[in-house]
Amino acid sequence: MLCLLLTLGVALVCGVPAMDIPQTKQDLELPKLAGTWHSMAMATNNISLMATLKAPLRVHITSLLPTPEDNLEIVLHRWENNSCVEKKVLGEKTENPKKFKINYTVANEATLLDTDYDNFLFLCLQDTTTPIQSMMCQYLARVLVEDDEIMQGFIRAFRPLPRHLWYLLDLKQMEEPCRF
């Protein structure tokens, strides 16, 4: 009996496919993402992407604007030349309704991990063109109110992602010039 359980356990472990980004299970309702968002926390598997204010993915997503073509315009702010600069990035729809192709510095894909539309959105930007894929995920909120339960959900959402070492930047504990 013990041998059977061990064999079954090994078969289950070996049969697990390569891990992809876990995503929200419900169908995405893109129009419900429209509006203002606030960066609450960031996580990355590559600290150089957000270690300093000028780091390439130290960005604050401030709004999402769905287009009639089911694309997604991402409005973000970042620190450049000693001031906060607004950038607009177009996310082009793909076969997967939760993934968008983007062209932004060191990221070529935006993925929506999870959302309830009214309170939070977990979104990741990543570079899928390099052998070691760099990724930055954000916990976005509709209002600037701390919610420990959602923060724990964010941590659970990015933990199973590829790469074992993650760096978490909790924005409620620091001053950020481009966080509105």
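Backbone N, Cα and C atoms are what each Cβ position is placed from, and that goes for glycine too.
Per Swiss-Prot, these features apply:
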- 1-18: signal peptide (SIGNAL)
- Asn46: N-linked glycosylation site (CARBOHYD)
- Asn81: N-linked glycosylation site (CARBOHYD)
- Cys84-Cys178: disulfide bond (DISULFID)
- Cys124-Cys137: disulfide bond (DISULFID)
Item to check | Residue with minimal Cβ packing [other Cβ atoms within 10 Å] among the glycosylation sites Asn46, Asn81 | outcome: Asn81
Checklist outcome for this item: Least crowded of the disulfide-bonded residues Cys84, Cys124, Cys137, Cys178, counting other Cβ atoms within 10 Å of each Cβ, is Cys84
Item to check | Shortest C-alpha distance to Cys178 (disulfide bond) - which of the recorded positions Asn46, Asn81, Cys124, Cys137 | outcome: Asn81
Item to check | C-alpha spacing of Asn46 (N-linked glycosylation site) relative to Asn81 (N-linked glycosylation site), in angstrom | outcome: 23
Next on the checklist: Measuring Cα to Cα, how far is Cys84 (disulfide bond) from Asn46 (N-linked glycosylation site) in Å?
Outcome noted: 23
